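Below: the structure, in structure tokens.
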């Protein structure tokens, strides 16, 4: 007579939906991460092919334009700066490519986490790997293991509707750090060494808010994909 509709019967948008906010955010910020990692790799590639003599290095030492960024510090387990640069470039490209093609599956999230850890260890700096780790974690969170226990609240829905604006703010903040700081020093000669201390926490705060908003949008809009392993 009457058919009971269970929570598992509620239709959900497929994981490949272009309206999936988390996928869009991960793709956009994955490209930003790859761009920042490439910058580290190119800097290391232009240095002599020698053992840095330390775990910690600078990707752009003695380059005035990079002084506001502290010469772009990094760490590497590879005892050759040029080789470190090549490996950093390759893993940066791999991370960016995978972030763009990710489909909100658990293995995509885990691979982003793994690529970010490798990027940290081969000379990709500290900011890009941290950014990649957060994106990988967000991708894992985008694949819920069970349906929502209760309807999302008003605040969560309101935050979810702002994910696009927050994404623009986040991308702008990271681009203000690089290449913004480098171009500012190069074109004007202004020593804005104090600016990264303001821009860095602002960029990562905007990043966290963007990821939370994107996840909230997907959950509240019912666009979270089914678990796919």
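Backbone N, Cα and C atoms are what each Cβ position is placed from, and that goes for glycine too.
Curation plays no part in TrEMBL annotations; they are all automatic predictions.
For reference, TrEMBL has these:
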TRANSMEM  81-100  transmembrane segment
TRANSMEM  112-140  transmembrane segment
TRANSMEM  166-188  transmembrane segment
TRANSMEM  194-216  transmembrane segment
- Message: Same chain only, please: residues at least 6 beyond the ends of the transmembrane segment (112-140) with a C-beta under 8 Å from a C-beta of the stretch. Say none if there are none.
- Response: 22, 25-26, 29-30, 32-34, 36-37, 40-41, 44, 57, 59, 72-78, 81, 84-85, 87-88, 91-92, 94-95, 98-99, 102, 104, 106, 174, 177, 200, 204, 207-208, 211, 214-215
- Query: Same chain, outside the transmembrane segment (81-100) by at least 6, Cβ under 8 Å from its Cβ: which residues?
  - Reply: 26-27, 29-31, 33-38, 40-50, 52, 57, 108, 111-112, 115-116, 118-119, 122-124, 128, 132, 135
- Report, as numbers and ranges, every residue of the chain located at least six residues beyond the transmembrane segment (194-216) whose Cβ falls under 8 Å of a Cβ in that stretch; write 'none' if there are none. 21-22, 24-25, 29, 68-70, 127, 130-131, 134-135, 138, 141-142, 152, 156-157, 159-160, 162-163, 166-167, 169-170, 173-174, 176-177, 181, 184
